[in-house]
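What TrEMBL lists as active site, 4-aspartylphosphate intermediate is Asp444. What TrEMBL lists as Mg(2+) binding site is Asp444, Thr446. Here TrEMBL flags Asp444, Lys445, Thr446, Glu561, Phe603, Lys627, Arg656, Arg806, Lys812 as ATP binding site. Per TrEMBL, the feature domain 'P-type ATPase N-terminal' maps to 110-167. Residues or ranges marked as domain 'P-type ATPase C-terminal' by TrEMBL: 858-1046. Annotation comment: TrEMBL describes 68-88, 164-183, 359-379, 853-875, 881-901, 931-951, 957-978, 985-1005, 1017-1037 as transmembrane segment.
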Amino acid sequence: DQNPPKPKPIFNQSNPVPLLLSSRFSVEDDSSNLDEMPLMMSEEAFENEESDYQTLPRARLAQRRRGLGWLLLGAWKLLCGSCCDCLLRLCRRRKELKARTVWLGCPEKCEEKYSKNIIKNQKYNILTFVPGVLYQQFKFFLNLYFLVVACSQFVPSLKIGYLYTYWAPLGFVLAVTMVREAVDEVRRCRRDKDMNSQLYSKLTVRGKIQVKSSDIQVGDLIIVEKVTDDLLFFSGACFIRTDQLDGETDWKLKVAVGCTQRLPAVGDLFSIKAFVFAQKPQLDIHSFEGNFTREDSDPQIQESLSIENTLWASTVVASGTVIGVVIYTGKETRSVLNTSSAKNKVGLLDLELNRLTKALFLAQVVLSIVMVALQGFVGPWFRNLFRFVVLFSYIIPISLRVNLDMGKSAYGWMIMKDESIPGTVVRTSTIPEELGRLVYLLTDKTGTLTQNEMVFKRLHLGTVSYGADTMDEIQSHIVRSYGQVSAQVSGTTPSGKSQTAGPRVRKSVSSRIHEAVKAIALCHNVTPVYESHGNGETESAEADQDFTDDNRTYQASSPDEVALVRWTESVGLTLVNRDLTSLQLKTPSGQILSFHILQIFPFTSESKRMGIIVREESTGEITFYMKGADVAMASIVQYNDWLEEECGNMAREGLRTLVVAKKSLSEEQYQDFESRYSQAKLSLHDRALKVAAVVESLEREMELLCLTGVEDQLQADVRPTLELLRNAGIKVGGWDTELLYRASCFSTLPFGVSNRGEAHLELNAFRRKHDCALVISGDSLEVCLRYYEHEFVELACQCPAVVCCRCSPTQKAQIVTLLHQHTANRTCAIGEPADPGGVCGGGFLQNLSDWTLIILVIVIFLLQAVFSSVFYFASVPLYQGFLMVGYATIFTMFPVFSLVLDQDVKPEMALLYPELYKDLTKGRSLSFKTFLIWVLISIYQGGILMYGALLLFESEFVHVVAISFTALILTELLMVALTVRTWHWLMVVAELFSLACYLASLAFLSEYFDRSYITTWPFLWKVSAITLVSCLPLYIIKYLKRKFSPPSYSKLSS
């Protein structure tokens, strides 16, 4: 597939880290002497200047693709595709997306007309359906060839037989395709109609009214449960599910705009004069910048808006209802912008058959030229040449496309009905056979190889480490520590200055555990949820709730945070309540500690950390807590000599690590920070950079509290599955740090570079390693792909396993694309880089049905060639009318199609010996060598059938047709039986049904057969003799080959 699908939404987010890395490399790298140091494995690649490194792989691909074959057979496709793309761009010219001002509840005040809120997933409309389907069909050489041949029959001088002989099969193929496309289009239309007709509650000055989803406009105030537009949230707080948008199943907390929360009633939204300034529609679903302004207050109120205030389309409110103002609709919503248009995917099998079809066409043209040359190029030889081309057109079977599509549909149905993989859904029915050709498997770790269920395993304080068997010690320290605190509080100790009395005194283990557990219990985005057992309203239920442990569950956007909060609960410090501005902890003695939330800095993939500033109500102390990945926190915390080593130790145990730190702030420090932070959040230009700069001013010399280790347990049978894949010849790549330590069976080599020179040396050193897994970080990957893209991909392809640590989603998508561009092999991406996929076992696809069909038509082709050569090179068809139509359909189609039920070995045997899969990935079943073998078989059988009929017929020409055609049908049925490895009862039914159809047709085809002759004994023994001579030697050869040189699967079967 030369046009990879658009990546997931997370891939489209702007990532400042690679940009910083790129600028750093251009400054630090001394590349002046590297052009004279060729990489040992590919010397010609480094004779270029530095500017050529980005284009070198593409230039190689272009040189490999271009050639005489491309010029003759592929240029027309490129030309047509370019013209169609230009027309589409002209017809679909989109207006420029701009930032917008949205007035609350006043769509009529919008400055310009925005997109209608209509969902449209159809590929075609009434006018484009027929041209679009025809273009998709005739862009392949096979169908285009038959269209030209069929159209030639309207020219009297080129007419060979009846029109229906050519137009009936072509029309049948097009009818089947159009019916299938029409059914899909109708289903899409119905789904869109249902979505656009859903009713929603719209708030107006006169009250609540019901409107259709398609009638919602920018500026409307909507009460929703399932979101169909991009909204700005105006009431309370809620949890939403985003699994339909980004694939994540964890609930996410959304908060309303602060100014609107203070309104006494919902109807007051219409009594204020306010508007929202929103950034222009964009792809990134993880960021939003805007401002909320209320003009009717004095002074004017202005509040910054972020992603926490938004509800994107395709999300679902997990509980209750929300009120929001619509800011984006229709094509401008995040979900639609990140949805790629439907594309027709083409598999390797289609491409290989297309090449073989061109080879058959070339043979057809050559033989036609030979026939005309043997005539001596007399008369209108050019017309005769075209007549011979039409006459030999059956060498390319039009039923091949029908059998191929039906076979793919059958394989997709088998996958979905496979009891060993229940719940599997085949979303693309055009490429199921690609699962039998995979060479590279790229997988995300979290949620794919693991269960995404986190369990707290280890706490490290620098000098002491606590594991699962010593958690009771932490609990005793917490009980003792908070017992002392409660005693001090009961003794009326003034406002908490005891903790800051001696900052330079070395803290005891108990106090360090106390601070670490307290930090973990406070620094998170977790919300406790209490389920109501009564039947009352939610508000009254919440008012009457008590903090009982049995009724409490935790919700958060990350399961890591839930695991940490559950652990603090197990050791005695329990999160019992949380809202937008405060949270409460319960100590082992039952005392409630209240904290006011001043600021929250959410986790992002760029920062790799999150923070929170809280004020303890009992003491008034302000503390800044932060936790994050070790690579992000190492430069933030104070100097230590143990963090890096212990992070490595935990990673080797397969634990996800988080570094926790804190910093005490004075009232003056916080007020200064808050003013700068608020000003940065209101900025309309470079808001993210300005906010990050202000936050980073706090992230200096923070006190390192602890290092936590959380285990994400592996899915069942991950280790044997990876081993099976490796034995099957599939190379595995992973996106995470712990994947290698948990599930790999290979020796490893860490690969870390920071500039071009180090990358040059490491690549030269790594090429000398053998059977060694590659481990590379995201920063090192950025360097290698910048300077040595082609060489790095070559080395990675030679490794049995590759693990990319801490790489961004954009880099993951880039690796998938590079593998696709630099190799001719198929790649399966599971998890974040692409849609989920799977591999099924068993004898999946051997393509013998295609070869059987090709051999049948080559035999017809040779029969016609022998007939024309014997009868003075006349361009007269041997079989006319219904004989050829029936031959291409009911006489041969069902036995060939039944071969989809064939199996080399049982699925259990295939899983026991995964090495059998390697034969499929080599593609030998559709190689030119195999093609030539089948051509030789066809030449032998065609010669026997034609010359046998000519030698044995007595007086009339119609006897030649009867003998040869009957022997041809029997030979083809026997050839299908010859290719079967494992018989299925439906195969026998297909063989008998086809034979019965042919015998029944003899009674109605009197113009082709002499009824009095076909019922005589001479006809029967002549047909039997010719069939026996054409098939028996092939059976003998097959038996001897299986006896003395059996294939690998037959050895296992025996």
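Glycine is no exception: its Cβ is also placed from the backbone N, Cα and C atoms.
Note that the structure is a prediction, hence the values are computed from the model and not measured.
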In Å, rounded, how far does the Cα of Phe603 (ATP binding site) sit from the Cα of Asp444 (active site, 4-aspartylphosphate intermediate)?
20
If you count CB pairs under 8 A between the transmembrane segment (985-1005) and each of 164-183, 931-951, 957-978, 1017-1037, the winner is 957-978
How long is the line from the C-alpha of Asp444 (active site, 4-aspartylphosphate intermediate) to the C-alpha of Arg656 (ATP binding site), rounded to the nearest angstrom?
15
Across the domain 'P-type ATPase C-terminal' (858-1046) the predicted model averages a pLDDT of 78
Long-range CB partners for the transmembrane segment (164-183) (under 8 A, at least six residues beyond its ends), listed in sequence order, are 123-124, 129-130, 133-134, 137, 143, 146-147, 149-150, 153, 393, 398-399, 401-402, 405, 880-881, 884-885, 888-889
What DSSP reports for the domain 'P-type ATPase N-terminal' (110-167) is 30 helix, 0 strand, 28 coil
Looking only at Arg656, Lys812, which of these binding-site residues has the biggest number of Cβ atoms within 10 Å around its Cβ?
Lys812
Among all the protein chains here, how many other CB atoms are within 10 A of the CB of Phe603 (ATP binding site)?
19
Other C-beta atoms within 10 angstroms of the C-beta of the residue listed as 'active site, 4-aspartylphosphate intermediate' total 21
